[in-house]
């Protein structure tokens, strides 16, 4: 079993690498499509696009919504009108392909429709992935079913626009009915991801208001959908003191909680680069300490971000130490979810570069440990690994589920871990060299200043992430 899954994972990684080599053309395509769906104002779009290996692939999946819509009716049985997969040339659209502006852009052949993966019944570890919701939030359910997920994440609207069209009541009703029919508990196992534009720590009054309104709109969408968790990046200091920035985030959460009813705001730990908040457990602790309603705040731990920030989880002993520190500094009760990603960058690199499971610097062992940690049972465990096609996540879900009950000295497990590690060795070597060069450059130019005169590694981004072109999840 392990060998077959390892082979599939290697194939997926090879495909993702090829995808990365086509980054320039993909970026151009993404820009053309974004222009047709109303981009955010240039002055406000202060964050880089996401890693093209994962979320550009997800965006491509979004633009190929006919496949999703074609199977949605059968999977959900909630009255969603199916749209036939198009076999026409690009740009040729008939009247039936006008359900949404995105569906008009679909370029999917019938032979590309994925056969849904079987979900593992009776599991305690709720593994899934960040799936597309193109054509309506209800289609995220279909996409999760396609990969055999028992949990899922999604964007509730465009992650690159401040203002989006209102959530249609028909879509909200279809989502709630689809979750009930297919056994997804939206209060526990659905983890929406917030917009990359949102920075609740922003000191500019106008931009802070814009960020808060976007944030509040997401929370209200969650509650209309019956979703109980909402994951977001804490933000960045942008020239303010860290203490003031953390206070601003907490004040925004308190205000948002007073304007909504039940959705829990889930802070994500970050890789720790520059001015980004959340690389240290203490950042999250200090925000939570200032939140009035402690029942409505939590934390999502991203394994890649943990590793990049210097938290080594590669052995049982080091993993236990990190989790013990989390419990001591923040509190175990606040852990609401995990993002499951390997890392393309070395330990403490502060680089947010996700890799397929077992191919990166983390390796397979920490994911075996996670899948056997009873404290994580029933939490959404969400893949954000590079994805060339849906079956990549389907195979990774099965790989992770197969690790339950497996000991670290199991010969088959060790062979699979080595095989995956060997497959990713080339990329790790390249990434290691790049990290060394970056570190040497930083030492050579310690006081390099940005466009607005900031230093100490801070970016000029309005949003919550650094603007070095790295991954944003």
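The backbone N, Cα and C atoms fix where each Cβ goes, and this holds for glycine too.
TrEMBL tags one of the stretches 1-46, 47-92 as region 'Disordered', and that stretch is 1-46. Within the set 364-418, 419-473, the record from TrEMBL flags 419-473 under the feature region 'Disordered'. Counting residue by residue with DSSP, the compositional bias 'Low complexity' (431-445) contains 14 helix, 0 strand, 1 coil. If you look at the compositional bias 'Low complexity' (431-445), the same-chain residues 6 or more away from its ends with a CB under 8 A from one of its CBs are 344-346, 349, 351, 353, 361, 457.
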